[in-house]
Amino acid sequence: MNSDTLNIGNKIFQSRLIVGSGKYKDFKTTYEATMASEAEMITVAVRRVNITNPKEENLLDYFKGSSVQFLPNSAGCTTAEETITLFRLTREATGIDFIKLEIIGDTQKTLYPDVMETLKACEVLAKDGFTVLAYTNDDPIMARRLEEAGASAIMPLAAPIGSGLGIQNRYNVVFIKEAIKVPLIVDAGVGCASDAAIAMELGADAVLTNTAIAQAQNPILMASAMRDAVRAGRQSYLAGRIPKKPYASASSPTDGMARF
């Protein structure tokens, strides 16, 4: 059993990779990619994917018997009020109180979060007994405010949702890591396996990726690549990288070198 676990609220995860469920061609591929990733958590947009109506095709059916944790998210919500209502209804229908809080401020271009509405919703939901994983911008001050409001994990974007641009501000990932005590989960903008590895090397506790897997030419293969990248990045972070220096440093010893 791996002793280096990801702890969020009262739940413990062996995997530090979280996957999404959107943009796949069908539920079967979603399931197969998730299994290949060995992720133990999958996000589901409550407003866009049926998880509450048993009469319609249901993503939950594909994961029956698995230990994968469903993480309902509020994608599509733009205010604290509608988000709070959505999650309360979701909990009533499914019993799930482990949630990804996502409130979008710009719905047309950047899909950037509305951090003020997010902060308001976080405080209410946390007091209402939810375990809140809060999607936000890469601002260490807001990250700390969300933690103070009761968030059990902070999920700063690496780049705009679905952009595949990778981590645009590496320093802010480090600053957020230093500012909070709850897990930091890099979310949005991951485009390939190396992006996930870099996020972990910077100190992220986990990575969430959806589009990079779902829209890859081979989603199953990309899912396994993400799995390995997150593991490698975490090991690299724990091992401790060498310091960067402006000049060369010989890797072979010079003492006792033969002279000719």
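All residue numbers here begin at 1 and follow the chain in the order shown.
Glycine residues also receive a Cβ, built from the backbone N, Cα and C atoms like all the rest.
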Candidate from Gly150, Gly162, Gly240 that Swiss-Prot assigns to the same 1-deoxy-D-xylulose 5-phosphate site as Ala188, Gly189, Asn210, Thr211: Gly162
Entry from the binding-site residues list Asn210, Thr211 having the most other CB atoms no farther than 10 A: Asn210
Proximal but sequence-remote residues of the same chain as Gly162 (1-deoxy-D-xylulose 5-phosphate binding site) (Cβ under 8 Å, at least 6 apart): Lys23, Leu111, Ala188, Asn210, Thr211
Site diameter for 1-deoxy-D-xylulose 5-phosphate, Å, by largest Cα distance between Gly162, Ala188, Gly189, Asn210, Thr211: 9
DSSP state at Thr211 (1-deoxy-D-xylulose 5-phosphate binding site), helix/strand/coil: helix
All-chain count of other Cβ atoms within 10 Å of Gly189 (1-deoxy-D-xylulose 5-phosphate binding site): 24
Lys100 (active site, schiff-base intermediate with DXP) to Gly189 (1-deoxy-D-xylulose 5-phosphate binding site) - Cα separation in whole Å: 17
